[in-house]
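This report concerns only the one structure given below.
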Amino acid sequence: VGFKAGVRDYRLTYYTPEYKTKDTDILAAFRMTPQPGVPAEEAGAAVAAESSTGTWTTVWTDGLTSLDRYKGRCYDIEPVAGEENQYIAYVAYPLDLFEEGSVTNLFTSIVGNVFGFKALRALRLEDLRIPPAYSKTFIGPPHGIQVERDKLNKYGRPLLGCTIKPKLGLSAKNYGRAVYECLRGGLDFTKDDENVNSQPFMRWRDRFLFVAEALFKSQAETGEIKGHYLNATAGTCEEMLKRAAFARELGAPIVMHDYLTGGFTANTSLAFYCRDNGLLLHIHRAMHAVIDRQRNHGMHFRVLAKALRMSGGDHIHAGTVVGKLEGEREVTLGFVDLLRDDYIEKDRSRGIYFTQDWVSMPGVLPVASGGIHVWHMPALTEIFGDDSVLQFGGGTLGHPWGNAPGAVANRVALEACVQARNEGRDLAREGNEIIRERSK
């Protein structure tokens, strides 16, 4: 009997506006710009097909499975207001298309191939809805916000951090000295920069040893628990886990990973190790702007944030709204909520296309970092709230009197702003005066 081969319009199979989404479906919102002459329905169906079961023609093995059960479906298309030939395509994927507990497989399927499709001029993944049936198969953050606060014995305020500068070139001993000065001045954390791994001028083992000495010395002086994000990122997973194990042996409370350059498989492996061994895990998003900065092509950071929450991390950098790096306030607060909260309602004004229910998955602390200083403290305290890490690099180390006075200035400003907020004062209007009063 045979079958009819040849090129076939995707919309005949994969555009299904009558489809009612299931609670177990993974839902995606794509911003797509079709090539001239390509109908929106065909473009949306092509996205659904190429990111699930489809290819450009009918193949005889289609008859050996149930396409209706496994195919992705473009179930809605809406034009983007104010944009010519740009649409939001909504696609539903059956849960059985994806391996449990694997962000790697999730992204390989949904964004691995379709972005090079010739029928599309541009394509951007704006949001994903992860159903509880799938999110419950992931490790999630190794510890989460509440457990971290309990480990550190620090409550009722944001945590303070600092990235050690210059990021490259210091010897291990001088690096440890810079860490000590910041921590004794009142910071909770210091941090390896994302590209500090194990270079000729400072091998990782030497850095870990001198930083551990700085941690214990500053803890003894201040009576507070201190931490330094020891970057365990390495060229292999085995080496990464070896570095994390050495940090644990030294008694360090937290390690760090560059999750996009290191990869989701490595990140999830490290998250399991951290949970099993009592280490907190700080996540840096190096390389994110390559993926998320273009407004019409790539992937929005809220998707990368959701992926990180599933893959595993206790902190992640999330922009500042007020600093040197790009970030719109409402959109930034939208993905901050997606990192911290259990249940987040759909809110298109904040870029949230789907209601997201994380059930019991622990939250991730957003880290505000990049071009911020002490005079941003009132705005940061108001924008990010208590469950956050405010990280000042140059804003600490750039103090004319040195690292420790820079750390003192940040701690004094933070405590002044938190107290004023708790007393009901208006930080937006009185913030600078509040800091001046406290610093006299």
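First residue shown is number 1, and so on along the chain.
From the backbone N, Cα and C atoms, a Cβ is placed for every residue, glycine too.
Annotated active site, proton acceptor per Swiss-Prot: LYS165, HIS284, in sequence order. The substrate binding site feature in Swiss-Prot is assigned to ASN113, THR163, LYS167, ARG285, HIS317, SER369; the stated evidence is sequence analysis. Among the features that Swiss-Prot reports, Mg(2+) binding site is placed at LYS191, ASP193, GLU194. The N6,N6,N6-trimethyllysine annotation in Swiss-Prot covers LYS4, and the record cites sequence analysis as its basis. Positions annotated as N6-carboxylysine by Swiss-Prot: LYS191. The site 'Transition state stabilizer' annotation in Swiss-Prot covers LYS324.
Overlay of Swiss-Prot feature records on the structure.
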residue: ASN113; record: substrate binding site; DSSP class: coil
residue: THR163; record: substrate binding site; DSSP class: strand
residue: LYS191; record: Mg(2+) binding site; DSSP class: strand
residue: HIS284; record: active site, proton acceptor; DSSP class: strand
residue: HIS317; record: substrate binding site; DSSP class: strand
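For ASP193 (Mg(2+) binding site) paired with LYS167 (substrate binding site), the C-alpha to C-alpha distance reads 6 Å.
Close to the recorded Mg(2+) site, the chain also has THR163, ILE164, LYS167, ASP192, ASN195, VAL196, TYR229, ASN231, MET256, HIS284: residues not among LYS191, ASP193, GLU194 whose Cβ is within 8 Å of the site's Cβ mean position.
Within 10 Å of the Cα of LYS191 (Mg(2+) binding site), the following binding-site residues from the list ASN113, THR163, SER369 place their own Cα: THR163.
Between LYS167 (substrate binding site) and HIS284 (active site, proton acceptor), the C-alpha separation comes to 14 Å.
Every protein chain considered, the tally of other Cβ atoms within 10 Å of the Cβ of ASN113 (substrate binding site) stands at 11. Each of the binding-site residues LYS167, HIS317 was scored by other CB atoms within 10 A of its CB, and the lowest score goes to LYS167. Over all protein chains present, the Cβ of GLU194 (Mg(2+) binding site) has 21 other Cβ atoms lying within 10 Å. Comparing GLU194 (Mg(2+) binding site) with HIS284 (active site, proton acceptor), their Cα atoms are 7 Å apart once rounded.
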